[in-house]
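The transmembrane segment feature in Swiss-Prot is assigned to 20-39; the stated evidence is sequence analysis. According to Swiss-Prot, the feature domain 'TNase-like' maps to 61-220. Per Swiss-Prot, active site is recorded for Arg111, Glu119, Arg159. Per Swiss-Prot, the feature Ca(2+) binding site maps to Asp116; the stated evidence is sequence analysis.
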Amino acid sequence: MPPVPVNSTSQDYYGVLEPRVWLLSAGLAASAIFSYKIYRRYFRRIRSILDFTPEALEKNHKLYGYVTRVGDGDNFRFYHTPGGWLLGWGWLRKVPLDNRRIMKDETLMIRLCGVDAPERAHFGKPAQPFSEDALLWLKNYLLGRYVTVTPYSIDQYKRIVGRCQVWKWNGKKDVSAEMLKNGVAIVYEGKVGAEFGDNEDRYRSLEKRAKWLKRGVWSIGKKMMTPGEYKKVYYRGE
């Protein structure tokens, strides 16, 4: 009796329906989804504010990166370096400081949470006392260093408002807190858009102590105009 021909197409079809095949396919799909989420959460570089997702704000995902420029007493530009040292940043991979286009188009503007520094001279408006001191202090403290930013919100100028921390010889420092300690910033006065994380009480306590010690802006005494008052006078005509 001649052998009965085997229909390979039928065998392939029934093989696909095997539970093991389904389990393997489901496992591969789950692994791919999980890997993509890990990549987006920890390893994807955020090049600009356009790459920043609402999820990152909702969950306060920490960002690690390099301070490329300090342009004012309470904000700076930040080049995101996900994975930090473990992914080679600083020893295998370099921040492209010599590329002006990248420094402009692929950095995030960070606004320090909870504080307001004295206003510098803009558009013919006079500078506040200690405005240059605040700028110089922040440059010396952050420029050219790797920092961690915890984002809280995005303001009207498309800046990420968040807590910035930097490692110093005596531990990790909250930059907003250090500015308050040294009297080069005050606690943010605005009612709208104020962000403190869970540090508002601490910030107010540090400001109170700096005021008592007459540090920085508090050395001016009763003549001291806060940044909020300055903006009302010179920008809103009050």
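Glycine too: its Cβ is placed from the backbone N, Cα and C atoms.
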Distance, Arg159 (active site) to Arg111 (active site) (CA atoms, angstrom): 6
Length of the line joining the Cα atoms of Arg159 (active site) and Asp116 (Ca(2+) binding site), in Å: 14
For Arg159 (active site), the number of other Cβ atoms found within 10 Å of its own Cβ: 18
For the domain 'TNase-like' (61-220), the mean pLDDT of the predicted model: 93
In three-state DSSP terms, the structure that Glu119 (active site) belongs to: coil
Nonlocal residues around Asp116 (Ca(2+) binding site), in sequence order (Cβ under 8 Å, 6 or more apart): Asp74, Ala185, Ile186, Val187, Tyr188, Glu189, Gly190, Thr226, Pro227, Gly228
